[in-house]
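Accompanying notes for the structure given below.
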Amino acid sequence: MRRKNPHPKRAENARTVLKVPKGEREELREKEEEPLVLCLQIPPDDDDDEDDEEEEEEEEEEEEEEEEEEEEEEEEYEMDEQTRKEETAFRKGSKRKRTHECDVCEKVFRVPSALAVHMRSHTREKPYECDVCEKRFTRASGLKMHMRIHTNEKPYECDVCEKRFSQSSSLNTHMRIHTNEKAYECDVCDKAFRDSGALTNHKRIHTKEKPYECDVCEKRFRESGHLQTHMRIHTNEKPYDCDVCEKRFRNSSNLKRHVRTQH
């Protein structure tokens, strides 16, 4: 009859022990202490030389690009459409982060051309002048858009009513007429507007602010457009003429009233 193990846990933890003679134990210990050295012989690959050459060419190209970037930064840039493209390319392609900080407001720019244009907001410098009306601008792009007023160029067309605009921002604002979107709300009276400029002008009703002053009679206005229309009283300018009777008016609203009532 088989005897039961009185200590079952001890049986589970039992390990087999092999007795090794003393001499063999010392030999085994010495072998364990010896370091194991593996020698692997890798056959040469013909593609390694080509990879090294490609890496060297890439490094040379990167060095040339960095030198070109340094030369471009030393030049004086004008912030226009081309410069904005260069700034975008610089931001995407450059591995080194270079920053140019404004000494006045500490705003940071990636390329010196952007900083140069930004500084004009502090110095009020406007180097670009319209040949027609002598109005000045801080950027070449601003002058380019302004010239469309004189050339009557309107490259942006509404897909709904086919009305055309000289600026894309004007088209975006116009589209809210069709969508009835009024995203700008007054904090005082909750009245909503389609664009931020209209909201700014409206809030001056509550603040009684009239920042635009006539140089001739010192009358003040809430909106620059109102001042511009008022100045025609002093200059006697009447840019709006009736197609039927050729009568001229200072503003478009008077012309519309004339056409509606007289013709």
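Here the Cβ of each residue, glycine as well, is placed from N, Cα and C on the backbone.
Feature annotation from TrEMBL assigns compositional bias 'Basic and acidic residues' to 21-34, 81-90. The feature compositional bias 'Acidic residues' is assigned by TrEMBL to 44-80. What TrEMBL lists as domain 'C2H2-type' is 100-127, 128-155, 156-183, 184-211, 212-239, 240-263. Among the features that TrEMBL reports, region 'Disordered' is placed at 1-93.
Counting only same-chain residues 6+ beyond the ends of the domain 'C2H2-type' (212-239), those with a CB under 8 A from a CB of the stretch are 201, 204-205, 248-251. Same-chain residues lying 6 or more positions outside the domain 'C2H2-type' (240-263) and placing a CB less than 8 Å from one of its CB atoms are 229, 232-233. Distant neighbours of the domain 'C2H2-type' (156-183): 145, 148-149, 192-195; these residues of the same chain sit at least 6 beyond its ends, with a Cβ under 8 Å from one of its Cβ atoms. Shown for the domain 'C2H2-type' (156-183): DSSP residue counts in helix, strand and coil, namely 12 helix, 4 strand, 12 coil. With DSSP classes pooled into helix, strand and coil, the tally for the domain 'C2H2-type' (184-211) is 12 helix, 4 strand, 12 coil. Model confidence over the domain 'C2H2-type' (100-127) is summarised by a mean pLDDT of 88.
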